[in-house]
Amino acid sequence: MRLLKTHPILGLANSYLIDSPQPSNISYMWNFGSLLGVCLIIQILTGVFLAMHYTPSVDLAFISVEHIMRDVNYGWLIRYLHANTASFFFIFVYLHIGRGLYYGSYKSPRTLLWSIGVIILVLMMAIAFLGYVLPYGQMSLWGATVITNLLSAIPWIGQDFVEFVWGGFSVNNATLNRFFSLHYLLPFVLAALAAMHLLALHEHGSSNPLGVSGNTDRLPFHPYFTFKDLVTIFVFLLALSLFVFYMPNAMGHSDNYIPANPMQTPASIVPEWYLLPFYAILRSIPSKLIGVLAMFMSLLILLGMPILDTSRIRGSQFRPLMRFSFWTFVACFFILMFIGSQHVESPYVEIGAAATAYYFAWFLVVVPAIGIIENTLMDIALTEETSSFHRVV
């Protein structure tokens, strides 16, 4: 035990995973960190093994993926683990962010922790998009063409910048090579950001469902929370196994089993399900440039939450108005996800525009307004209480 505390590396592990004091009342909503860590480890390991057999070439990419599936020992398992864990990764990230928004985890003193988390989200989406292109099926090619073409909205240099990203005049061998290179590199950057996220968390410790700060009533991470985390990790592995072994393509797109053909456009070009809400925001605005800016701002606006939430109370658990508005925001997010998967036609265009307007209004109008209303009501109540106390005295 003494070595565990004094050794420079083991001591670090001890302070994070064994002796770290955690609030005794944190619920299962605080388990997503460990689940995301497991997802990241699975993704890096399976990704490295897939890269050993993958060929980043427009002629051989699709064939090399089929080779992995048919000829490599347990190649099908590695690929399906990689594809389905990516979906679970995003499910857990969205739940993690939702918990952060509900319980006010972005408020001081955890603003740095929140900011690093938002950067991780943006990087995850970039990595997911790069990976979606690599099998080089129909959705891969046309998804890459559509999304990279968004850069052409940049004034003056847009088209030149798109061709710079492509390495030619269309999606070609150079594009696939650089996408593969970046898709291999960026998860390690993501792992470094995850380490920074943990460092920032360790500075002030975890928040808790009550939203109060304090060093009393805490428990060591091990054994209490290691075993609590193991419960959700095993449930996740069971759910992942169900998808991998029984319905491995449920969260994918069947068009990606058709080899990429630049001469034939698919009936509908849609990204993976976890990018659909932001794709819906992009499509809801007629102006290309404003649509692209709105799509990026829909993610980056999360960075503003510590400023936009004007309430003196951390979290929504004791704030009925905020709690109601939070669930309307969740409903709006799911509506956007549905709209992103539909064709660009009435009434989906109108519903998407309304949902996009509410998405931004929630951050810029609803959250600040509710905070101001609550603060005002508290001030009035406090003033009345003080005046009645003075009358009694």
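Think of each number as a place in line: the chain as shown, counted from 1.
Even glycines carry a Cβ here, placed using N, Cα and C.
Note that the structure is a prediction, hence the values are computed from the model and not measured.
Going by Swiss-Prot, these are the annotated features:
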BINDING   H82, H183  heme b b562 binding site
BINDING   H96, H197  heme b b566 binding site
BINDING   H202  ubiquinone binding site
TRANSMEM  32-52  transmembrane segment
TRANSMEM  76-98  transmembrane segment
TRANSMEM  113-133  transmembrane segment
TRANSMEM  179-199  transmembrane segment
TRANSMEM  225-245  transmembrane segment
TRANSMEM  289-309  transmembrane segment
TRANSMEM  321-341  transmembrane segment
TRANSMEM  348-368  transmembrane segment
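Recorded features from Swiss-Prot, shown on the structure.
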| residue | record | DSSP (3 states) |
| --- | --- | --- |
| H82 | heme b b562 binding site | helix |
| H96 | heme b b566 binding site | helix |
| H183 | heme b b562 binding site | helix |
| H197 | heme b b566 binding site | helix |
| H202 | ubiquinone binding site | helix |
Among 32-52, 76-98, 225-245, 289-309, 348-368, stretch most in contact with the transmembrane segment (113-133) (C-beta, under 8 angstroms): 289-309
Minimum Cα separation from H202 (ubiquinone binding site), reported as the residue among binding-site residues H82, H96, H183 that achieves it: H96
Per Cβ pairs under 8 Å, the stretch of 32-52, 76-98, 321-341 packing most closely against the transmembrane segment (179-199): 32-52
Tertiary contacts of the transmembrane segment (348-368), as residues 6+ beyond its ends and Cβ separation under 8 Å: 280-281, 283-285, 294, 297-298, 301, 304-305, 308-310, 322, 325, 328-329, 332-333, 335-336, 339-340, 342
Beyond the flanks of the transmembrane segment (32-52) by at least 6 residues, Cβ under 8 Å: 68, 78-79, 81-82, 85-86, 88-89, 92-93, 95-96, 99, 180, 183-184, 187-188, 190-191, 194, 201, 229, 232-233, 236
Binding-site residues listed as H82, H183, least Cβ neighbours within 10 Å: H82
H82 (heme b b562 binding site) and H197 (heme b b566 binding site), distance between Cα atoms, whole Å: 23
Lowest local Cβ density (other Cβ within 10 Å) among binding-site residues: H96, H197, H202: H202
Rounded distance in angstrom between the Cα atoms of H183 (heme b b562 binding site) and H96 (heme b b566 binding site): 24
